[in-house]
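Data first, discussion second: the structure below is written as structure tokens.
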Amino acid sequence: MEESRLCQWSVIRSLLAILQWWGFNVTVIIMNKWIFQNLDFKFPLSVSCIHFILSTIGAYLVIKVLKLKPLIVVDPEDRWRRIFPMSFVFCINIVLGNVSLRYIPVSFMQTIKSFTPATTVVLQWLVWRKDFDWRIWASLVPIVGGILLTSITELSFNMFGFCAALFGCLATSTKTILAESLLHGYKFDRLESRRRFTGLWQDMSKALRRGWGGSLRER
């Protein structure tokens, strides 16, 4: 009986975690779009920089101050050889997502994000030479076809925003693939990943904001 209750509680916690992730994810995307559209804020890279800073502060408070999560010790060599590439791809992924929101609707951006499974399979096949069953390839046909149909008929289509969202899919796929190979042996949860990935790339985001902010604002 006790084991059954523990199992049920574990399932409930997992469902609550998924709902919480989904809720915050949707809220952040809609809020970013609201900032770009209603406030006419023209600096998506600045939004990304603020995103990284607040993520790092929040993760630091939970891990270091409140000690709700254990600190995972990483070897200094692994920090640059394994964490740094993941941080780079993670940063590019967030930046491209915010840039795409600046130019296309949330619904269209999320539709393009559905392309991620296809890009993941193709990248694994091209780079890692991983073989997939024909049924997996067949399942990608309606996904790709639906996205192409949506893109052609989208009234608010913007090529720059479309390309940013599409390259964001590639960055997401690359991040997923790299996580399997580079982070082997480290059990990072989402909070620890945020702390490490955003912390290393705040300076890069600031540099991007200064270098590209003007050109993106003029578009």
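Positions of Cβ are set from backbone N, Cα and C atoms, glycine also.
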Which range of 114-133, 134-153 is transmembrane segment, per TrEMBL: 134-153
- request: May I ask which of the stretches 12-31, 83-104, 134-153 has the most CB pairs under 8 A with the transmembrane segment (43-63)?
  value: 83-104
